[in-house]
Amino acid sequence: MPAVTYEHIKTCKQSGARLGIVHTPHGSFETPMFMPVGTKATVKTMSPEELRQIEAKIILGNTYHLWLQPGNDIIKHAGGLHKFMNWDGPILTDSGGFQVFSLSNLRKITEEGVEFRHHTNGSKLFLSPEKSMQIQNDLGSDIMMAFDECPPMPAEYDYVKKSIERTTRWAKRCLDAHQRPEDQALFGIIQGGEHEDLREQSAKDLVELDFPGYAIGGLSVGEPKPVMYKMVEHTEQFMPKDKPRYLMGVGSPDALIECSIRGMDMFDCVLPTRIARNGTCMTSQGRLVIKNAKFADDLRPLDENCDCYTCQNYSRAYIRHLIKAEETFGIRLTTIHNLHFLLKLMEDIRQAIREDRLLDFKEEFFEQYGLNVENPKNF
């Protein structure tokens, strides 16, 4: 039996969205679910206790960054990532591939792997499917990701075709190199750019390899949202119904709703934590940029409909002061709020699926959030 399994609870009669439970060695979580990103073994400014309080059920770690610092050997010595960071819930680690392709301009792709330069000190590094598996086995995450090639968007058709074929070959090598399948589930990553036939080919090739779960990669990288939705909708039909489906890099409220409707179960993104550090807050009325002068004497909470720690205790004026003064506590407060907002949104999505009314919920949410249902602007 694989380390991670998917239990289907129901399908929304109105939208076709899925309600399910993903079972892992470190606990189970309901889907659709948003996963906060803890790049360097921490969700920036948040303690594990605070993550539990806002009902985060699963978090991400980043293989590339943890390999470079502090090193997978140190984390293995500590008993794995869960013990190292004192998080007893599920953890998903990415393969390191996205960072290699996005952070390093000086890279050389061969069949063996990718040679590239360290993103800060310029030293020469090499990452292969086997090396990615070794690092992730050392980290001990519940869900590991296969090492894939991430073609830029847009890219020439022939380049993307060769890229997905290499991704499939690398996926086979990942399966062969994976040392702990009884403890850790390895997910395959479907690529294909914005080409429907290549997405289909990539999905079918990877499904033949029988991974315990599948991700859609290479989207949410700057393409218009209608293109992303079209690719998700097309690819979903070739993904197994009895396994988790993970859409990588998606975290805006509108996209979480739209892609839940299109059958996705798991999402991650640095968006809520990254914009929090700039003082941008997600609210039920849309985005709020707390640095704006009009909030200097505004004693209301960030969102009057929110019951998070930040909104129950602090005013816009105070949070604006902290952010303007570059006080760390301000970033903590906006981070707590943004993550709570998205996790509560996912809870609302799951409830709407239970009640067979996700399309109605989408319309209500978009109207309040200031989005046009027919043509949502990029949020």
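In case you wondered, yes, glycine gets a Cβ from its N, Cα and C as well.
Fair warning: this is a prediction, and the values are worked out from it, not measured in the lab.
Feature annotation from Swiss-Prot assigns active site, proton acceptor to Asp94; the stated evidence is sequence analysis. What Swiss-Prot records for Asp268 is active site, nucleophile. Residues or ranges marked as substrate binding site by Swiss-Prot on the basis of sequence analysis: Asp94, Ser95, Gly96, Gly97, Phe98, Asp148, Gln191, Gly218. Taken from Swiss-Prot, the feature Zn(2+) binding site applies to Cys306, Cys308, Cys311, His337, supported by sequence analysis. Sequence annotations record features per position, and here Swiss-Prot assigns region 'RNA binding' to 249-255, 273-277.
Annotated features taken from Swiss-Prot, shown on the structure.
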residue : record                   : CB count, 10 Å
Ser95   : substrate binding site   : 30
Gly97   : substrate binding site   : 25
Phe98   : substrate binding site   : 21
Gln191  : substrate binding site   : 27
Gly218  : substrate binding site   : 32
Asp268  : active site, nucleophile : 22
Cys306  : Zn(2+) binding site      : 19
Cys308  : Zn(2+) binding site      : 21
Cys311  : Zn(2+) binding site      : 24
His337  : Zn(2+) binding site      : 28
The residue listed as 'active site, proton acceptor' versus recorded positions Gln191, Asp268, Cys306, Cys308 - nearest by Cα: Asp268
The region 'RNA binding' (249-255), counted residue by residue under DSSP: helix, strand, coil: 3 helix, 0 strand, 4 coil
Assigned conformation of Asp268 (active site, nucleophile) - DSSP reduced to three states: strand
Non-site residues, in chain order, whose CB comes within 8 A of the mean position of the CB atoms of Asp94, Ser95, Gly96, Gly97, Phe98, Asp148, Gln191, Gly218 at substrate: Phe101, Met145, Ala146, Phe147, Glu149, Cys150, Ile189, Gly217, Met248
Tally of residues which DSSP labels helix, strand or coil - the region 'RNA binding' (273-277): 5 helix, 0 strand, 0 coil
Non-local residues, at least 6 beyond the ends, that sit with Cβ under 8 Å of the region 'RNA binding' (249-255): 34, 98, 217, 219-221, 225, 228, 264, 267-272, 282, 341-342, 345, 365-366, 369, 371, 376, 378-379
Local confidence of the region 'RNA binding' (273-277) - pLDDT mean: 98
Rounded Cα separation (Å) that holds between His337 (Zn(2+) binding site) and Gly97 (substrate binding site): 30
Listed in sequence order, residues with CB under 8 A of Gly96 (substrate binding site) and six or more positions away: Asn62, Thr63, Tyr64, Trp67, Leu127, Ser132, Ile135, Phe147
Between Cys308 (Zn(2+) binding site) and Gly218 (substrate binding site): CA-CA distance (Å): 33
Neighbourhood of Asp148 (substrate binding site) by C-beta distance under 8 A, where only residues 6 or more apart in the same chain count: Ser95, Gly97, Thr167, Trp170, Ala171, Ile189, Gln191, Gly217
Inter-residue C-alpha distance, Cys311 (Zn(2+) binding site) and Asp268 (active site, nucleophile) (nearest angstrom): 24
Euclidean distance between Cα atoms of Cys306 (Zn(2+) binding site) and Asp268 (active site, nucleophile), Å: 22
Residue pair Cys306 (Zn(2+) binding site), Phe98 (substrate binding site) - Cα distance, angstrom, rounded: 34
